[in-house]
């Protein structure tokens with residue numbers, strides 16, 4: 001075992017005879033002398049090979065990614081030869097003996113950081129891709145995050161408890177991954193989408209403080225921040241308020257950032273309500289690293305004589321917009337047309353772009369807002385050279401459309417500083433949302449969330465003790481206070497349109513547990529992959545997972561999923577149909 005990784009060699013090793021083992025990243029043979037860039041997981045070390053040593057001839061047969069051992073003396077480089085781009089740049093190893101441990105055949109792609117290689121090829125040879133410095137850094141960062149979280153929670157007397165992977169399928173949430181049982185004919189296990197009920201049962205068991213860094217599974221459509229299997233930091237605690245849980249998680253995240261980035265976050269994370277997030281940013285996971293906040297103009301348009309405005313207001317539509325500073329000439333007609341098409345897909349009946357020139361609106365619909373010109377400019381705090389983008393649609397559609405447009409415009413104009421870390425709590429969530437396809441209410445978070453009820457409210461007005469933690473426009477975690485009595489839990493299931501027969505069948509074991517003295521409790525789950533992705537400055541969680549699936553859910557290296565033997569299907573009492 002190495003006493004020190006070669007990438008960490010420094011002045012402390014000068015004068016010592018060391019045996020350095022690693023991979024050949026590069027070799028430059030000048031005939032009478034040569035330089036080898038030797039790599040291990042901590043970085044590069046330059047090896048100087050003089051032509052006088054017996055093993056010099058071996059260099060003819062050494063190629064990139066061969067594994068070698070070099071014995072020699074560590075020497076300090078002259079000041080003019082110091083390489084400040086690597087940790088070991090002040091020293092080099094003067095080779096005395098070279099041993100080839102393992103040879104590599106020609107690589108399917110270059111491992112250079114700047115080489116452009118297709119992702120499927122990189123994933124097919126993932127074990128090679130992980131040799132790249134960037135990928136190694138990402139996995140080390142992931143380890144830093146998980147070890148910091150464990151250290152923090154252990155220090156607060158949390159117990160790390162494992163929960164089973166073979167669980168029961170329930171109707172709420174995304175599609176389950178199902179596992180057929182060989183022993184119980186025609187019956188299936190489900191891989192857990194989260195250990196939600198199990199961690200609550202641990203609170204009922206009296207453990208009081210639990211956490212787990214756990215693998216979860218959801219059979220849903222993939223995107224850059226989703227995988228069919230993912231890891232979450234799951235925690236639950238009894239006898240704690242919502243504020244106490246959020247303070248605990250906030251302190252934990254600050255400890256993580258201090259460890260990974262060396263940043264001391266001293267201020268409390270901002271907290272806004274769900275409604276404020278939607279009205280200001282058009283998103284329940286707003287990116288607050290830039291402005292472009294939404295403004296409603298509906299109140300200014302009540303006396304507008306334009307048929308277009310009248311029609312929108314008669315349809316209970318809202319007039320909303322964003323103001324983009326100094327962007328009057330930033331977009332071509334083609335780009336604005338593209339944005340218009342996107343707004344139509346969000347259900348907006350109208351999209352308009354207005355420039356501010358000489359204190360007046362110019363462009364689409366400028367004459368429509370002639371009477372409101374000054375009030376509109378004041379609402380946006382707009383000045384000459386600014387661009388105002390407006391939509392008309394039902395309130396929630398208008399907000400979501402502008403929330404999307406806000407991000408698109410910010411990216412196009414490079415308004416987002418990637419070095420910033422902006423955390424944000426979103427609280428006071430609706431308890432329920434209406435599912436048009438199923439003509440019923442569904443839980444905004446999950447059916448175990450504790451509601452906040454007031455007399456005279458309709459179901460869509462109920463709020464909840466739920467809270468999400470957002471970082472740079474990504475939801476990295478969500479939690480809530482939980483229901484902890486059977487009567488309230490049954491009432492929640494009935495709000496979701498479930499019959500007594502349905503919830504007794506699917507959740508009977510859990511409902512019974514609530515009758516045995518269940519403590520008040522709550523918790524939160526953090527998406528580990530997503531958190532590490534942001535901290536690493538990546539845009540896809542595949543970059544921070546050792547062996548991920550590709551964008552279709554396929555693993556090019558393992559060639560999984562794959563067909564299985566008929567004998568295996570027979571043992572499981574299954575028969576495939578074309």
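Positions of Cβ are set from backbone N, Cα and C atoms, glycine also.
Feature annotation from TrEMBL assigns L-aspartate binding site to 172, 218, 445, 482. Annotation comment: TrEMBL describes 218, 219, 220, 227, 475, 527, 528, 529, 530 as ATP binding site. Annotated domain 'Aminoacyl-transfer RNA synthetases class-II family profile' per TrEMBL: 139-556, in sequence order. Marked as region 'Aspartate' by TrEMBL: 196-199. What TrEMBL lists as site 'Important for tRNA non-discrimination' is 30.
The secondary structure of residue 482 (L-aspartate binding site), as reduced to three states from DSSP, is extended strand. For the domain 'Aminoacyl-transfer RNA synthetases class-II family profile' (139-556), the model's pLDDT averages out at 94. Note: residue 482 (L-aspartate binding site) has non-local neighbours 200, 203, 448, 449, 450, 521, 522, 523, i.e. same-chain residues 6+ apart with C-beta under 8 A of its own C-beta.
Here residue 528 (ATP binding site) comes close to 142, 145, 146, 213, 230, 231, 232, 233: these same-chain residues lie at least six apart in sequence, with C-beta atoms under 8 angstroms from its C-beta. According to DSSP, the region 'Aspartate' (196-199) comprises 4 helix, 0 strand, 0 coil. Here the Cα atom of residue 530 (ATP binding site) is found 47 Å from that of residue 30 (site 'Important for tRNA non-discrimination'). Cβ-based neighbour count (10 Å, all protein chains) for residue 30 (site 'Important for tRNA non-discrimination') stands at 9. Across the residues annotated as binding ATP (218, 219, 220, 227, 475, 527, 528, 529, 530), the two Cα atoms farthest apart lie 19 Å from each other. Secondary structure at residue 445 (L-aspartate binding site), taken from DSSP and collapsed to helix, strand or coil, is coil.
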